[in-house]
Amino acid sequence: MSDDYDPTNINAASWEEQEDYGEADGSEQYGEAEGSEQQDIQHSSEHQEAEYSVESNPNDLGDHPSQDGNTDDVGDDYDPASVVTSSVPAPPSAPAQEDSKTAPQPAAPVAKKPRTAGGFLVGDSDDEDEDGDDDGEPQQQQQQQQQQQPHQVVHKETGSGASSSGGSAPAPASASATAAPQSHSPAPQTATLTVQDNAGATTFNAPPVPQQVSHQSGATTAAVPTTPSSAAPAVDPTPVTQPAPDRVAIYEDQIRDDPRGAMNAWLELMKEKRARNDIDGARQVYERFLAIFPQAADIWVEYLDLELSLNNFPQAEGIFAKCLMTTPNVNLWTRYLDYIRRRNDLNDSTGQARQTVSQAYEFVIDNIGLDKDSGKIWAEYIQFIKFGPGTVGGSQWQDQQKMDQLRKAYQRAICVPISNVNTLWKEYDQFEMGLNKLTGRKYLSEKSPSYMSAKSANTALEHITRGLNRTNLPRLPPAPGFDGDQEFMEQVEIWKKWIAWEKSDPLDLKDDKDQPGLYQKRILYVYNQALMALRFWPEMWVDAAQWCFDNNITTVENKVTKDGNANGVEFLIRGIEANPESVLLAFKHADHIESTYPIEENDEAKIQRGEAVKAPYNKVLDTLYAMIKSLKEKEAAQIAKLQEMTAAQESKAGSDNEDGDGAADNIKKAPIEAIQKGYAAQTQLLSRMISFVWIALIRAMRRVQGKGGLNVPLGGMRKAFHDARARGRLTSDVYAAVAQLEWTIYKDPAGGKIFDRGAKLFPEDENFTLENIKYLHSRDDHTNARVLFETVVNRLTQKPELVHKAKPLYQYFHKYESQFGELAQVTKLEKRMAELFPEDPKLAAFTARYASDKFDPITARIIVSPTTQLRPKNMIMPSIEQQQPQLPMSQRDTPAAGFSPRPQGLKSPSAGPGAPFAPYAAKRPLDDRDYDDHPRKIARSEHDPFVRGASPLKGAAGRRLDQQRRMGGAAGAYSGSGAGSQVAPIARDITFLLSQIPRVEFYDSHRLNPSRMVSLLQNVKVPEYLDWKRERERMQQMQQMQGDGYGGYGGGGGGGGGGGYQGGGHARNISQDYAYRESPGPLGGRPLSPFTGGPGSRLASATAAYRQAPVGRPESSGSYEPPPAAQYGVPPPAQYDGGWAQQQQQQQYGQPPAPQGYRYGNPPPPY
């Protein structure tokens, strides 16, 4: 076949007829075709540059000539442009716009009086004498003209079409677009509303319009003047407000431009139709919408409500027939149940109606009873059975039948993970135990595992679907990086988690023999639910189809069978209908057809198989080509609209704007170029999509039908390549792929000719040139490879904007010369690369000589000294404050000392009167800026440095502290020293607490909100010292008064600091733990406890022996002190008002003395 195949010539049949390949290609014909194509597009070289239009760029698209004009090809009759059918003619301009452009528009300068007739401008006078004559016109004539104008408009609307005056003049060019049809064709007296769009005209008849309404509506229509233009002077006409555009027309325009993306326009249009009581129009809108969104259950429900509100039961049943089986939605199926119950009266004596409703319930539960939101339907079904004929527990056959139906319904419902499964289980328990406790326990024990599985599954399902939006109004997925992309992908991930959870079989249904196929049915149901929300996400369609193929699963009449092809293909077909532009779905469908189609050796079977495989490819190609055509139409419309607006602005400005023509032209061209660039980017993306679809089709045809040819029944690969060139919009990838197939598989020299043709079409495509050089190297044609390399890189480097394209060519050729060439050639290439790409590292090219894709011997480091080169870095454990992100600097003022919730300590003598207090005798003056914002353990080097004074500690403690500071020990963290400082160790109690807290990945309980916890601690009210002292004294006085009423305390305290009773007193002595509890007052003047003897004291004299005893508090913060034994003593009898209340009262206000030797900062504030 290599002798008679010309891949570059569409019409030629053999290579022998065209021996001059590469020398003559009919450039004259191509030039004519190219000119004709440009004529169709109506893009002039003076106003539009080629690089802004992908269609006119020969370097990026299909079979087009090179820029140098050389279009060598095989045959004289070969015309690549003649087979490219992707050119889009410019849309014809509207007649009204043509009139506005061709008709003369008189100018009306401000300084001159315009000449008008009938309220419209008809001329302009530059002569002062004429203006004087106009001023002499009587004012009555103007009033008569103004009175006659509405009358003429009414006549035009009522169909007379003739003016009362004899003369008539054409309407001025500035008239609105709606005036043209009124002036040429009379309108009927009955008003007709016509909404005109590209799809057609939709006409709605309305009642006759009164004449007054016509008069008002016709005020904006150009009236026929009754007098000549020079008759009356011009009085400035009052500006007439244009009527607001019809909302229906606006919504229709949005839907026409973007039917799948204008969801809000669809919804508003339906709402508007219903508000206007336009039933027929609403039906049409519903049908159009549901053709695009066939699983929009909410819109189906609205459509049903519309028909049922009009009692159109046949139409409602037709709607149910269309949507019920394809839309598994609980709300929609609930409406079906409501309709069945509405049409069947349960009071029927024959019982036929109840039987129909019962069958409807069974039908609904079989289809959507698996839904996690179907609990209401299950509950209604059980109630329907309960209120049926018969008595539960009776002995009649009807009673027994009712009992069996209830038991069956309960046993089915409690196995489904629904929200009310607990309620249904309780009802089932009562039902069984009410009949017979012995048999009831048996049934309950049998169904208890299923119920527990359903209960736990419902909990897990609620956790998985938290945040899921189960919408049935799908939206197009936002592009990555644009608004809504993260939210959309989050919804996709939640659906995937739900599907994966169902596949994990949490209900143990895979091996359930009582319910065969229920496991597969649940998974298919979740896939259908996901596709209702993700209709425009092709990956979900492919995932569902692939699962059916892998598991050989499908459903026939709601029963699972073992024929997965039907259901999987159905998913693919439905996905392609929803996403006709999806390349993924097309490839998957074609791949499945190719792998499952029967294989036979005869030519007829191969032809049929090839046609079946080509069908998905052709469908997606048609869609992509149509999208490019639509883009070109939108581009032309936007440019025309922009030019029209620019022209209107220039006409308003007049001749006052006399700026330079060059600057004005640049300003006008800038927005047009921006529009062209935007559409060019979209068109380029679609062109690459089309090219890769053609590559996939060519490869598939080679597998199915072989190499093929143009004039043979089995076209194969070559016929597919011919069709691709005929349709156009190809990139260089197609030529490179076909050439590689020709040479790699068949060793046919046609591959080289395809490369030659591609080199002429894409002379500046670096990727295609790179593949061409590799092809020449594979044929050992090193000379031509070098020539091609030098030619292309010289062409690219001559243009500064294309220098970057030469880099991959240099890199490949440098690598090739390094491996197989001479050192002199390698050195020359490196010098050229250094001049062209100075930003690259100097050793990058030299290193690339000896490196491979797997290892680079130059950059790899050899370990000479492990002790020196492999020394681990010092890992310093950061403090708690360093582990947390640094808080921003506070913007508030430091609170005053008197209002601070901290314990009020003594101020430093060196501190000024306005300085904040230093808790517990600070050793140095503190900075008064942002005192509360610095973390306790933050490195002071990050803030203002300070000089620490001499330590007030003397003796051994002072020497130890000074030694630690000199050695850079723990004290360095507080002194703000440099790198030698170490972080202060964490207290043992805190370390123990942190060790008990589980790791975050293993903690699945309730999590505290840190910000709210900090806010709670900030809002805790800590009393001031003076207020606390005053309150304590008041409570002491109250306790003394109560003690005086019960009698005094005697001596002789009990063991363990308890104390004894004396006289009529009933209060026992307070233990030592609370007797020495102090207030959070200043350390300098520590008050004595009021409970330690003295006049008026209520304590027994035995407690005085413990006054001078040292406080039994440990010095270490990590030690533990057991409570005194008196705390665990036996309380006094209940009938006596003993000492427990007093002990609790003292416990509320008393505090133990704070230890003086805290090692890690100040003691905490009081409780």
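Glycine residues also receive a Cβ, built from the backbone N, Cα and C atoms like all the rest.
Straight from Swiss-Prot, the features:
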COMPBIAS  16-26  compositional bias 'Acidic residues'
COMPBIAS  70-79  compositional bias 'Acidic residues'
COMPBIAS  102-111  compositional bias 'Low complexity'
COMPBIAS  124-137  compositional bias 'Acidic residues'
COMPBIAS  138-150  compositional bias 'Low complexity'
COMPBIAS  159-191  compositional bias 'Low complexity'
COMPBIAS  192-218  compositional bias 'Polar residues'
COMPBIAS  924-946  compositional bias 'Basic and acidic residues'
COMPBIAS  969-979  compositional bias 'Gly residues'
COMPBIAS  1079-1090  compositional bias 'Low complexity'
COMPBIAS  1121-1134  compositional bias 'Pro residues'
COMPBIAS  1135-1151  compositional bias 'Low complexity'
REGION    1-245  region 'Disordered'
REGION    882-980  region 'Disordered'
REGION    1075-1167  region 'Disordered'
REPEAT    277-309  repeat 'HAT 1'
REPEAT    352-387  repeat 'HAT 3'
REPEAT    518-550  repeat 'HAT 6'
Message: On average, what pLDDT score does this prediction assign to the repeat 'HAT 6' (518-550)?
response: 95
Query: What does DSSP give as the helix, strand and coil breakdown of the repeat 'HAT 1' (277-309)?
result: 27 helix, 0 strand, 6 coil
Message: I'd like the per-state residue tally for the repeat 'HAT 3' (352-387) from DSSP, helix first, then strand, then coil.
response: 29 helix, 0 strand, 7 coil
- prompt: Going by DSSP, how much of the repeat 'HAT 6' (518-550) is helix, how much is strand and how much is coil, in residues?
  reply: 29 helix, 0 strand, 4 coil
